[in-house]
């Protein structure tokens, strides 16, 4: 805010010009100007002056001593007269020379001459006519006019206003006797041009010469203190003002208020303001601006109400300032009131206030209203355009921001660095990289590629698009890198492929002596979370504590996320519960951590606590909870979440829709999943993948392949996950050739690089079909080296076909890759047991014991009335065990009557047949079935979940149970779903 409240000729706004221009050439016949004191040569102080008058104007003619050339003087006279006349016509100068009739100039009336020069200099200063003013100064010297104190001040003021501080200083050095006015003029000149510290130094020099400041001097120097935030010297000036009784001056008081406000000493500013004998609009405005700059919008509004009550005239500047406060505090209602006041006084379409209105409506989230104000502005300047573009960008309307930038370019306006920074930020979220590169080219075109804010925005833009090389190249070209530059670079190293670079950059940042801030630490914690590097995360946590950011909600959320993803849920919980403030993202992070660690019960308890604290879940919260339901197969909780989704109106969100379909599918409700999918108005690749995979897992493999073909016909591009589901369906159906065709199309048809999962699917297809030679050749020809997944697949198909030789080869490879993997030993042991090779079974079990590997006990569970009941084989812990055994015996007798004969080949223990039959009859899934039949309604579907693969005997038992009970029985084992109905299974006995 401008506080030029000195004499009238010092109030024009400063325009920065070059201050190192050469001095005006001086004739040898006059005084030689020097930086310090006048130096006289052999000539008089000024040359003699002759005045020739004609009908148009008096002509000043400089006469050189010892130079009688009349021709030379005539030429000089004609030249000067023509120049003077042209200038007077151009700038409207009045005829100020005085014709007395006898052709002579009024040489005796020196005061009028000096006044004329002063007025001309004042006019030139107002119009910033440096060249013309210098010419006039030259004529003063040639004419022998001896300036008085007022003319000296006019010269200093003229040069200062025109930005030539060197000439202003030279003129000041020539003053024979400097008084407080001339000192004040020079000090004001430097401060007006932004040299606050230099102005303070000049003031000290003035005091060193024993000159006492007046109220104008104090007000000017206080403004310099405000510019360089020199509070201590400002307080000394405050004491000088009080001591010299200058404090009662309204300009000194206003300057003190401005100083304290800008130095964040608002309490002192208020004391000074209300102790002033009178307040003017300047003092009100500086205090208002101080509150706004300090982010105290409500206090600014209260002060504004007092200002209105004082009947002080409300200027556009005042209203714009309070609009800025409304914008910062997001006070829409107050902003609308100020808008109505602007309309009332007829200032709404003023460019300055329009810009403030646009900013206020943007920050309050009303982009439509902001756009209406903007479009009503007659000639929006670059500030208004930038405010509108920035507002659209900040509210997520990225495309609209880019389109508005294009309109601005068509209007012919040149963007500034802030415009380009905003449009680069908007481009970072656009859909294509070409748009970003076009805007980057625009930045180069206008020469802002070295601007810090623009370069930082460009780095962040390329990092968002994954163009790490382009972002790093811009970063490397920066000569002055601040913490924002480093943070922009770090923002690109969060994903799994590039996360390892994040800690390296962080270390380099510390080596260069920069202090990490909140964003630096959050980026590093995200890198540690992606790397699952708990040790490194603890080191970053130490920096968080050192920076005193432990209580920061955003840093705290990043810490919880890092510890949760690294499996350190106790640490994550400790940080979570220490946070004084928790938002939806913090809750979502901890819920997601519980889900990923298979602690679904804790996740639901946390979700319920979140709702009790009135935190509204977002789409990520709901999707995480639904994922927890999928893992636990908790249908009742999943349905409750479904109702929450419907109530919140978030059902159309693709992320939630996919999670809901997945939840119903994994809870055994494939019909509900299918119905949800068909009800979606639009769908993306993830949604199609979910339903295709669900069909495949539920044995509806024909539907899975048919849905895949429909997906392609609707133009939805498949990805790698799509082909895993498609190849699984081909494997279950035994479609070798179709599976091979789909596998080949991954690379050739869709330009997707096959992953190890795709190769494993193809191995399963060949192995299940019994084509072991082809399978081995396929493994040998693989581009990728076979890993544990490939050999596990081989071992699985060997069990199905009883291929002991190949199974031993696969098991040997698995023992080398991961000697602690339980499944490798179990599968090999079962293969030996199925062949009756009990000695080899004993060897495998002995090897397991030496390696410290323990077999996970088989268990099954059912959910009845939102409560999960878990059963182990030969379980004796359930409180209703007697009733369960009684129900199971009743069911077994009915199934035996229907033709069931126990298949003891599936008992992989070397015991008697009676023990084998007893062992089969108490498998965990049978106990779960008996309990479900006892506890559920007669017509409901029984859903059982098992942690291991269902054995062949239990599979046959369930088929017959579906007949005698007339109930659908759904069992989800470790591999797939089995829907038993009317004596048949959806897997077609192929699992």
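Don't overthink the numbers, they just go from 1 along the chain as shown.
Cβ atoms are placed via backbone N, Cα and C, with glycine included.
Automatic, uncurated: that is what TrEMBL annotation is.
Listed features, source TrEMBL:
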- 899-991: domain 'DYW' (DOMAIN)
- 179-213: repeat 'PPR' (REPEAT)
- 280-314: repeat 'PPR' (REPEAT)
- 381-415: repeat 'PPR' (REPEAT)
- 482-516: repeat 'PPR' (REPEAT)
- 583-617: repeat 'PPR' (REPEAT)
- 684-718: repeat 'PPR' (REPEAT)
Residues from the same chain, set at least six apart from the ends of the repeat 'PPR' (280-314), whose C-beta lies under 8 A from its own: 1, 3, 5, 250-251, 253-254, 257-258, 260-262, 264, 266, 269-270, 273, 321-322, 324-326, 328-329, 331, 334, 341, 345
Non-local residues, at least 6 beyond the ends, that sit with Cβ under 8 Å of the repeat 'PPR' (482-516): 452-453, 455-457, 459-460, 462-464, 466, 468, 471-472, 475, 523-524, 526-528, 530-531, 533, 536, 540, 543, 547
Outside the repeat 'PPR' (583-617), six or more residues from its ends: residues with CB under 8 Å to it: 553, 556-557, 560-561, 563-565, 567, 569, 572-573, 576, 624-625, 627-629, 631-632, 634, 637, 644, 648
Beyond the flanks of the repeat 'PPR' (684-718) by at least 6 residues, Cβ under 8 Å: 654-655, 657-658, 661-662, 665-666, 670, 673-674, 677, 724-726, 728-730, 732-733, 738, 750, 752, 976-979, 985-988
Sequence-remote partners of the repeat 'PPR' (179-213) [C-beta within less than 8 Å, at least six residues beyond its ends]: 4, 6, 10, 14, 16, 19, 149, 152-153, 156-157, 159-161, 163, 165, 168-169, 172, 220-221, 223-228, 230, 233, 240, 244, 246
For the repeat 'PPR' (381-415), distant same-chain residues with Cβ under 8 A (at least six beyond the ends): 351, 354-355, 358-359, 361-363, 365, 367, 370-371, 374, 422-423, 425-430, 435, 439, 442, 446
